[in-house]
Structure formats: structure tokens, C-alpha cells
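Okay, so here's the structure we're looking at.
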Amino acid sequence: MPTLSHVIKSVGLVTIIAAIGKVLGFGRESIIAAYFGASSMADVFFVASLIPTILFTALGSGLQAGVIPIYLEKRADNQLKADEFISVLGSFFMLVAAVMTIACMIFIKPLVMLTAPGFSDSELALTESLTRIMLPSLLFFTLSYMATGVLNANKRFILPALTSTAQNTVIIAATVLFAAPFGIEGLAWGFVFGAASQFLIQYPSLKQYGIRPIVSFLPHKRQIAQTLDTFYPIIIAALAIQLNSVVDRIIATSLETGSVSALNYANRLLWLPLSIVLTPLITVLYPSIVERALIGYQSFLNLTLKGLKSLLFLAIPFMVVMLISGNSLITLAFQRGAFDASATEMTYRAFIFYSACLPFFALRDYLMNAFYALKKTKVAMYSCLIAVLLNVLLSLVLSRYLGVGGIALASGISMLLQSLYLFVYLWLKTARADKAAFRDVFQESSKLTIIGAVIYGMALWIHPLTLKLPIIMELVIISLLVFGLYLALSILFKVSSLQALKRIRSSN
């Protein structure tokens, strides 16, 4: 089992790779924004990508999250049998992906009308065409998520982390090369080629574990049935998570033109710190949490709560910077070409509410993984279904008053409440004698809340003085101020997450 020092080093390496991928991701979004802006054409593309995105995320994410516990449990008994069963499972889900792709092709018209009820006839027709182009990407994404699960279970994080870099590079090239001669269809083909690149970059390493296509399912039907009983709540939970995006975009189609694109760009910017800093920690910790769960509940709980405190510690300063300098971040990232000042203002209305709920986006994903490790998959599923229902109701109400900002706020509130539900469930499950670790979490959260509030107040007071500077200088000054004060106050308040990092450094 890896030491905490090894985990930190792995997180650091994955973070660097994720940062490169995210820079390319913003390059991709900036190029798309420059070519198509927050226009009806961009709205059509983002809605068309919704159906394949929902499908591959539900199937692929469920596969990735479910593979790790099953693979590690079977590997503890026999490595060869574990590799063989994962080959069978991967082949089975490829068949499922193919059936889903064909079914969506057949029922493309009602699916598009469901996801874009506010579109005109011409926009609906174009959405259907783009969706047909992008649907086969489901096959490549399923293979990619399968490979990622196996490699992560074996503590090989580099190639899975590089998938984003490969995909973004391909989409950027496709946009530059094909957008002018083929229009928005060129971008759709780039989406498909990018999906293929995610799997191809992992395939050489996957071969080392003997993973191969196995189309004879009958000898393994009992194992497959048992696995599906564990998997279906994970897949439904992943589908429910994607339904949040569906609800957001469906409601956004009924708002002013460009709302779908503004919501998309705001969400992309929100995922900058999530993808670069927070998601790598979640990814690296997950296999270790699964291993701890196989040992015993107390071992699992200790590592899970340490990870939770670390996520909170890392999320707070990013949240403050985004709240203070959100408009400048959007301007720097997107405002060029067809993306004008009005598009920036619309995107900011969503981004400010997303930013306020940044920690809960990370905590939700992390706690979901913790429940998968415990094989409490149905609890995680129910929490997602409740969160989707809440998000629908809040989005319908808040969008009337806050427009696209209301949709973002509704998503944030649903994330907050789902995270609290999962955390409280763990607390109630834990024996009274073992609840001391939760008191540490409460104390740490209180410290970080106070520190974050103090820094936000100081940065808000200083921010007007930086507005006359170039945007880059403004962002650098605010970031240095926020992170510097955060580090100083964390030392002063003796924040445990920082103390743990210092001990690791001194031990090395």
C-alpha cells in the first residue's frame, strides 16, 4: 500500500499533466469561442454533444469507478483471473455501448427535441446531424474509461492523465483545419477523433495486463450478473449526474440567445482548478481508499477523512480568487473574435455562482468514490437522484429571477446538499468511539471558513486598486495576495492539512 509521501508525489505529477491538458483545454475553448462565439451555432454544437456526452459519461464513468474495486478484490486472489474477468467485462460493456449507439441513431429526432425544446426547426435539424456524427465516440470513450480504471487500479496514473491532453490537441487541430471549410461539422468530427485518441494513448500499457476482447460471455454469466448488480447503481448515479447538465442546458435554451454557450464556458472555467488540483487528488486516493476498505472500515475512514480535509484546504484559495477576479478570468480566457463583452457579462453571471460552490463540486465526486469503495453503491445512487430532482426544481425557480446565473446557483446548491447527505451518512454509520476523526473535520472546516472569509474581505477591498492594471497583472497580484495570506493564516491557525504536508517534506 502506498505511503502518504508516495500519494503526494503521484498527485503532484498528475497535477502537472492535468495542468498541461487544461491549458490545451482552454486553448480549445478559446479557439471555438473565436470561431463561433456565444452564437446559435455554438449553442447547437454544445447541445448536440450533450447526448453522446451523457451516454459515455454514464457508461464510461460508471465502468471506471466500478472496475477499480472489483479488479483489486479479484487481484488479491489471482492476478490472471482478475485480468481475464476485466477483459470479459470490458467486452460486455463495449457491446452495450454499440447497442446504445444504434438505438440513439434510430431515435435521434425525439432525443434532440427533448434536449433542445427551445430550438427552431433549422437549429433542430443541424443538431440532429451533428449528434449523428458524434454518437460513435461512445465506443471510444467506453474503451478509454475501461483502460483508465485498470491502469489507475495498478497505480499507473500518467497515461490516464494524458488523455485530456491528447483529446484537446486533436480537437484544436480539427477546429483550425476544418472549421473554415466544413463549419461546425468539422468541430463535430474533431470530437470523434479526440475520443479515439483517449483510448489509443493508453492501449500500449493496457496490453501489458493481458486485457483483450473476449466475446464468449456464457462461461462468465454468473460473475457478470453479480457484477452488474453492483454496477447498475454506479451507472445510474453517473447518468443522474449528467442529467444535471441536461436540465441546465434544456432550461438555458428557453433563456436569451447564447445562454447555453455562456453556461458551458462558465462550467469549463470552473473545472480549471477542479481538473488541475482537486481531481488529481481524488483520482490518486481512490485506489488506496478501496484497498483500505478491503482491510476494514476504520482504516478506510481515517484515509477518507484525511483526503476530505485536504480537498477543502486546496479548494478555498481557488474559490476566493475566482470570486474576486471572475470577470477578468473570463475576459482573459475567452473574450476575442466572436466572443464579445456581452458574452463575457453573460458568462460571468453563471461563473460567479459556480465559483461560490467550488468546494462542493469536488467533495461530491470524492464522497461518491468513497461510497463505491464501501460497495454502498445504492446509497450513492439515491443521493444523485435526489440531487437531480432538487436541481430541476431550483433551476426552474431561480432561472426566472437570475437567468443563467440561477441555473448555476441551483447546481451549486444541489452539490452542497448531496455532499452533506453523504458526509452525514458516514458520520451516522460510524461507531461513537470512532467519531473523534469527524470532530477534526469540523474543526478544520471551521478554521478554513474563517480564513477564507478574512482573505475574501481583504482581497475584495484591494481589488479595485488593481483594475487599472493589465488583466494579467491584476490576476497575478490577486492570486499572490490570496495564496500568500492563505498560507500565512493556515500556519497561524495550525491547519492540519498543511502540517501533514510539512511532515512529509521534512521526512524526505
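For all residues, glycine too, the Cβ spot is worked out from N, Cα and C.
Copied over from TrEMBL:
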type	residues	note
TRANSMEM	6-24	transmembrane segment
TRANSMEM	54-72	transmembrane segment
TRANSMEM	84-108	transmembrane segment
TRANSMEM	133-151	transmembrane segment
TRANSMEM	231-251	transmembrane segment
TRANSMEM	271-290	transmembrane segment
TRANSMEM	311-334	transmembrane segment
TRANSMEM	346-367	transmembrane segment
TRANSMEM	379-398	transmembrane segment
TRANSMEM	404-428	transmembrane segment
TRANSMEM	448-465	transmembrane segment
TRANSMEM	471-493	transmembrane segment
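The stretches the transmembrane segment (404-428) and the transmembrane segment (379-398) meet in space: the count of Cβ pairs below 8 angstroms, excluding pairs fewer than 6 apart in sequence, reaches at least three.
Residues 313, 316-317, 320-321, 324-325, 328-329, 331-332, 447, 450-452, 454-455, 458-459, 462-463 of the same chain, all 6+ positions outside the transmembrane segment (471-493), place their C-beta atoms under 8 angstroms from a C-beta of that stretch.
The transmembrane segment (271-290) makes contact with the transmembrane segment (311-334): 3 or more of their CB pairs lie within 8 A, with pairs spaced 6 or more apart in sequence.
Using a Cβ-Cβ cut-off under 8 Å and counting only residues 6 or more beyond its ends in the same chain, the transmembrane segment (346-367) has close neighbours at 38, 256, 258-259, 262-263, 265-267, 269-270, 273-274, 278-279, 282, 285, 307-308, 311-312, 315-316, 318-319, 322-323, 326-327, 329-330, 334, 402-409, 411-413, 415-416, 418-419, 422-423, 426. Between the transmembrane segment (311-334) and the transmembrane segment (448-465) there are 3 or more Cβ pairs closer than 8 Å, counting only residues 6 or more apart in sequence, so the two stretches are in contact. Counting Cβ pairs under 8 Å that are 6 or more residues apart, the transmembrane segment (133-151) and the transmembrane segment (54-72) reach 3 or more and are in contact. Among residues of the same chain six or more beyond the transmembrane segment (448-465), those with a C-beta under 8 A of the stretch's C-beta atoms are 312-313, 316-317, 319-321, 323-325, 478, 481-482, 485-486, 489-490, 493, 495.
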